[in-house]
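What follows is a set of notes on a single structure, which appears directly below.
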Amino acid sequence: MHTLVFLSTRQVLQCQSAACQALPLLPRELFPLLFKVAFMDKKTVVLRELVHTWPFPLLSFQQLLQECAHCSRALLQERPSTESMQAVILGLTARLHTPETEPGTQPLCRKHTLRVLDMTGLLDDGVEQDPGTMSMWDCTAAVARTCIEQQQGRTAEPGQAPVPVEVRVDLRVNRASYAFLREALRSSVGSPLRLCCRDLRAEDLPMRNTVALLQLLDAGCLRRVDLRFNNLGLRGLSVIIPHVARFQHLASLRLHYVHGDSRQPSVDGEDNFRYFLAQMGRFTCLRELSMGSSLLSGRLDQLLSTLQSPLESLELAFCALLPEDLRFLARSSHAVHLKKLDLSGNDLSGSQLEPFQGLLQAAAATLLHLELTECQLADTQLLATLPVLTRCASLRYLGLYGNPLSVAGLRELLRDSVVQAELRTVVHPFPVDCYEGLPWPPPASVLLEASINEEKFARVEAELHQLLLASGRAHVLWTTDIYGRLAADYFSL
């Protein structure tokens, strides 16, 4: 739905040259809507001039591109267009090249009000690659290039210094882009364009490069550190963690593939693990911890006991958890605060089932997002868990992909989940009834790779849809799509 004000604004921007000439005459209250319309419709000339002459101290994508009273479209939920993003960056560059006081003129108050450009919060699902849109990797490169060019083009003319602007961004870096981003961060020190990273994601980056990058980041800005595919091990982690721990406002820490053999621990390995635990105790604001594919068997109590504050999001996918790990978590202060829990890849079918149910009971009042992909949950285990699962009254998302469930099990889940009024998404497995010649119990690898009888599954989908309609739950999405934009980020919960 669009209001008359929105439609009028869109009409004004049809002729971009005339709109740019009219900007100084328009009330500043119109600028936020002008920005959203120009960004949406790719009116790049106007968009560039809007950034150049922005009349407020803050230009925030999260404020301007969300659903508003004039337009229900939330652009933050879409990957941004390359043209619009480039126009914003060009407008910033033009603004930095404009001195605070131009020779022979009075200061132009409107032109020089902008102090913070907040480009955080853009969608980066990494799924569909539309050539007309900009990924976070491209955005990082574009902002980094602007920093470097700004520093290289600086001139020291008295009285002509541009007003500094703080640019807040989420940065993505890998081996290929590391040197470029490092140069950009160095260039922003003392520059009119100050680069501030909110969320950092580093993929496949050597340990020394990760440390060098962390040392260049502003300790007051960083909210999340996400290290992926780095295979740090305990030794590498013990080198990196003190550099991460200096970010006292860090709310989210995502570490993966931290290996250490708990069955045959070495002296060095134990020393590294103790040092890691000591550093983890320095965080005062941590709310999300992800340790996916890390060997934590029998060690979860040591890890979580060091934290100063309770977690709201905990991801322990493929961590080989033992029953005692789940029992400790259920009794800990973290359980009653959890909004998001990911136990994917941990076998919950045997002796882990009872402590897992206890954990669900403890987290029932707060849990919003539960991920149980590839947990070896068959009908028997699911049915035994349903009474406590349905007590999670606030649950919005349930992920069960890769579990050996039958059509009968899915039917029972659908019927019992009717009491969960907040539930919006269920990612379920292909029922075992739809496979041909499936071994029992089927390994997760077989469920992921074996062929599906498409005709049988189409009938199952139709039946589930009819059951949803009959129960008045047509708004709940039941899907087998694990790659869609369904799993919520902790900060969006």
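For all residues, glycine too, the Cβ spot is worked out from N, Cα and C.
Look at Swiss-Prot and you will find 111-146 tagged as repeat 'LRR 1'. Under DSSP, residues within the repeat 'LRR 1' (111-146) fall into helix, strand and coil as 11 helix, 4 strand, 21 coil.
When DSSP labels each residue, the repeat 'LRR 2' (194-218) comes out as 10 helix, 10 strand, 5 coil, counted as helix, strand and coil in that order. Here Swiss-Prot flags 194-218 as repeat 'LRR 2', drawing on similarity to another entry.
Per-residue pLDDT, averaged over the repeat 'LRR 3' (219-246), rounds to 91. What Swiss-Prot records for 219-246 is repeat 'LRR 3', and it gives similarity to another entry as the kind of evidence.
The repeat 'LRR 4' feature in Swiss-Prot is assigned to 247-282; the stated evidence is similarity to another entry.
According to DSSP, the repeat 'LRR 5' (283-307) comprises 6 helix, 3 strand, 16 coil. The repeat 'LRR 5' annotation in Swiss-Prot covers 283-307.
The annotation repeat 'LRR 6' is assigned in Swiss-Prot to 308-339.
For the repeat 'LRR 7' (340-360), DSSP puts the residue distribution at 8 helix, 3 strand, 10 coil. Marked as repeat 'LRR 7' by Swiss-Prot on the basis of similarity to another entry: 340-360.
What Swiss-Prot records for 364-391 is repeat 'LRR 8'.
According to Swiss-Prot, the repeat 'LRR 9' annotation covers 392-416. Within the repeat 'LRR 9' (392-416), the DSSP-based counts of helix, strand and coil residues read 10 helix, 3 strand, 12 coil.
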